Each structure stands twice: as C-alpha cells, then as structure tokens.
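J.: Could you have a look at this structure, given as structure tokens, before my questions?
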Amino acid sequence: MLDIKLILKNKDFVISKLKQRSNFNVSEIEKLYTLGTERANILISLSELQSKRNEISSKIGEAKRNKTDALFFMDEVENIKKELSILEEKSTKIENKIQELISFIPNIPLDDVPFGKDDTDNVILKEFPKIGRGLVKAKKPHYEIGVEKDLIDFSRGAKLSGSRFIVYKNAGAKLIRALESFMLDTHEKNGYSEIMPPFLVNSKMMYGTGQLPKFKEDLFKIEGHDLYLIPTAEVPVTNLFNNEIIDLEKNSKFSSFTNCFRSEAGSAGRDTKGIIRLHQFNKVELVEFASEQKSLRAFNSVLKNAKYLLELLEIPYREVLLCTGDLGFSSRKTIDLELWLPSEQRYREVSSVSYFGDFQSRRSMIRYRDENKNTQYVHTINGSGLAIDRVLAAILEQYQNDDGSISVPKVLIPYLNVEKI
C-alpha cells in the first residue's frame, strides 16, 4: 500500500500519477488527505495534552511532598484523561478508515512506464521471432493434437470439476513434470532457493500481496474457513517473511512450483478452447527481495532468468512493457514475456515480471536493516518462470512434425528420455 505520509506531503503528485491508471477515482486521494490531515491534528492535540498531564502530575507530586492541597490538580488530570480518551478513540476510528481506504489505492507507476488506456497501448520492446523453428504455423492446435495423442482429457476434467479444468495423461503429464523440473533446476543454477509452500493461505497473506480486498471475486475461498486457494506462488513465498525483519544476504531469491487457482471472473467467453486459461494451472514463480538501491537490478534479474528459459526451450517470444492503464494493482512496472502460439498466429503472455517497490512490504510488514542498522521496507519483485501450461501448448504446436509426431525440446530430453512423442 502507499505511505499515507506521501499523500500528505505530495498529494498533487500522487493524484497526477494515479490519474494515468484506468478507471481510478482520484477523489479517494482527497478523502485520504482530509482524513490524514485530521488525524495529524489530533496527534498534535494528544501530544500537547499528554505534556500538560505530565506537567500537572509533577505538580501533584510536589504538592504531596509539601503536604499542600493537590485536589485541584487531581481534578484537572482527570479532565485531561477524559479528553485524551475521546481523542484516542477518534484517532483510532480515523486510522481504521484510512487503512480501509488506502487498501484500495493502487501503486504509483514508475516514470518510465508509458501512458496508455489499455493493453492496446502497451509497448513492444524486443522481438525474438527466429528462435528455434521461428514463427511457424501449427498443423493442428494444441487442444486437438493433445487429445489425439492422449495427452490431455478435456471431457473427464469437466466431468470431475466443471469447465476450465483438465486432466493431463501419459506423456502430457510427463511433459508437465519435465517442465517443472527443468525450470526449477535452471533457476537453482542461477542462485534461486526452492520453496514448496502450502496451496492454501489465510486472508492476511492475501492482503499482504494485494489480492485482498480488491480482487476477492477472482479467488477461490474455502467455505467456513479463513483460507483461500493461492492464485500464484507469489502469495505464500512473499509472505514467508510477513511481519519479519529479514537478512537480505541470506533471503533474497526464491523459486517455487505450485498449482494455481483463479476463478477468472470477468473472463467468460475468452479462451474457452485449450489450456490457455484454466481455473487450475501449473506455474513456477520467481520472487526476489531487495533494498531500494538494488531493486531494479533484481527486476532485471527476474526478467533475464524468465527469458533464459524460453531461449533454452527455443520458443519465439517478445518483451512487452505494460502501459499505465494495463498495469496491475500492486505493480510500479511490469514487462510481459509473450511466446508465439502458432495456432492463433499471435503472441500470448507466459510471464509477467513486476516491480512493486515497497507496496507489498508495507502491507505485509517485511523489513530489513540497512547499513546503519535502521529498519527499512524491502522492495519486492516477482515474475512467472514460467506458466507451464502455456509453455506446453506452445511446444505441442511449435514442435509438430510432418509425420504427426511432436519433437521434444532438446533441454527436456534428459527428463523424458525420448526425443519424440
């Protein structure tokens, strides 16, 4: 979340930056400014009353030592206590209202994020169309060849759980496992520590990374419990250090494979065929913690490692810088990696690498000690490394051969022990 002090000191700056986001009501900042100013004035009054109470209390002590009447001073202290109680209650109510409002305020885009209304205004930074077989045309879409080769069972997935659920079978299941292992092994070689977290977390953790309260409808909640299925490993891995002071020398780079669960509210009718948009999907996530000074270096590190996987898999891709109108709620800057999907003859997102500044760490109280031993909020960065189901879809289409077989990417052969499917 934003620092209320920033809003109080630079209200016009905050408004001008958040105006660049789509559908943001800047009147919320005005409300926060009014509440913050009112609370600041109350805190001044509280401080003055506390000083006055202490001063009078010393007079009471002096009167008792001199064996003179202290009743007047004692009555005055009681009156001050009543005033303090009223002001403290008022301050608490205002603070609660501030926290409620500020929980819905998105992050401030960095200056190098382009202005735009939606994804049509995103900026293509680089394209790598000649990797592997290049921008080929698929002989068959992944959902057809996946069924023909008995790799994916859509009908039984729907029977078990409903639409947007699938069953991987035989070499399909093995490919998912191979991709998971390949990605985690590669990240480990590049300095990431592997985490296997719970797939269920409580609402405090969802709040910490920015999913709650704003995106409640996108989540699967366990009825009767304060537990949610994770939409991404970002949630549990970031919150490993919720309300902690961490050592950035020991805890800074993590990778995690998890199943992810999203209700896809608002996505009705989109990507209804295939494995591009599922309620349950597989993903490896990269999370880095850094000081402010090293945060953009960490952002580039996550981006580099996600790109490296696509290069090893020899899948054409491009880098896309998201504009202000398409930027995620918690993000200050995001670069998407999009792989080539032959059946659609277009690029599809396979990783979003995002820099959050201290937005998440303020919500989740993750801090570190700087060189002067002062506590500071860490800066957080994460990105998919990679979305496995979408990578599988690209492989099934990109690596089709004339004889109907599917070649296995070279880097996956050691995991599958076959060259073709």
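Positions of Cβ are set from backbone N, Cα and C atoms, glycine also.
Pulled these from Swiss-Prot:
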- T232, A233, E234, E285, S384: L-serine binding site (BINDING)
- R262, S263, E264, E349, V350, S351, S352: ATP binding site (BINDING)
J.: What whole-number Å value do you get for the CA-CA distance of T232 (L-serine binding site) and S352 (ATP binding site)?
T.: 12
J.: Have a look at the binding-site residues (T232, S263) and report the one with the fewest Cβ neighbours inside 10 Å.
T.: S263
J.: Have a look at the binding-site residues (E234, E264, E285) and report the one with the fewest Cβ neighbours inside 10 Å.
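T.: With the binding-site residues E234, E264, E285, fewest surrounding Cβ atoms within 10 Å: E264.
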J.: Could you tell me the C-alpha distance between A233 (L-serine binding site) and E349 (ATP binding site) in angstrom, no decimals?
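T.: With distance taken Cα to Cα, E349 (ATP binding site) is 17 Å from A233 (L-serine binding site).
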J.: Give me the Cα-Cα distance between E234 (L-serine binding site) and S352 (ATP binding site), rounded to a whole Å.
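T.: Here the two Cα atoms are 12 Å apart.
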J.: Distance between S384 (L-serine binding site) and R262 (ATP binding site) at the Cα atoms, whole Å?
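T.: Taking the Cα atoms only, S384 (L-serine binding site) lies 15 Å from R262 (ATP binding site).
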J.: So, in DSSP terms, is E234 (L-serine binding site) helix, strand, or coil?
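T.: DSSP call for E234 (L-serine binding site): helix.
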J.: To see if you understand the setup: which same-chain residues, six or more apart in sequence, place their Cβ under 8 Å from that of S351 (ATP binding site)?
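T.: Looking at Cβ-Cβ distances below 8 Å from S351 (ATP binding site), excluding near sequence neighbours, one finds A306, D336, L337, G383, S384, G385, L386, A387.
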J.: Does R262 (ATP binding site) have same-chain partners at least 6 apart in sequence with Cβ under 8 Å from its own Cβ, and which are they?
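T.: Set apart from R262 (ATP binding site) by at least 6 residues yet with Cβ under 8 Å, we have D218, L219, F220, P231, H279, F281.
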J.: Report the residues of the chain - excluding T232, A233, E234, E285, S384 - with C-beta within 8 Å of the mean position of the site's C-beta atoms, for the recorded L-serine site, in sequence order.
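T.: Output for this site, in sequence order: V235, V237, S256, T258, C260, K283, V284, L286, V287, N382, G383.
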J.: Between S352 (ATP binding site) and E285 (L-serine binding site), what C-alpha distance do you get in Å?
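T.: For S352 (ATP binding site) versus E285 (L-serine binding site), the Cα atoms are 10 Å apart.
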J.: Hey, which of the binding-site residues S352, S384 is the loneliest by Cβ count within 10 Å?
T.: S352
J.: According to DSSP, does S263 (ATP binding site) fall in a helix, a strand, or coil?
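T.: SS state of S263 (ATP binding site) = coil.
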J.: Whole-number Å only: compute the distance from the Cα of E285 (L-serine binding site) to the Cα of E349 (ATP binding site).
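T.: Taking the Cα atoms only, E285 (L-serine binding site) lies 14 Å from E349 (ATP binding site).
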J.: Can you give the largest Cα to Cα distance in Å, as a whole number, for the residues R262, S263, E264, E349, V350, S351, S352 that bind ATP in the record?
T.: 19
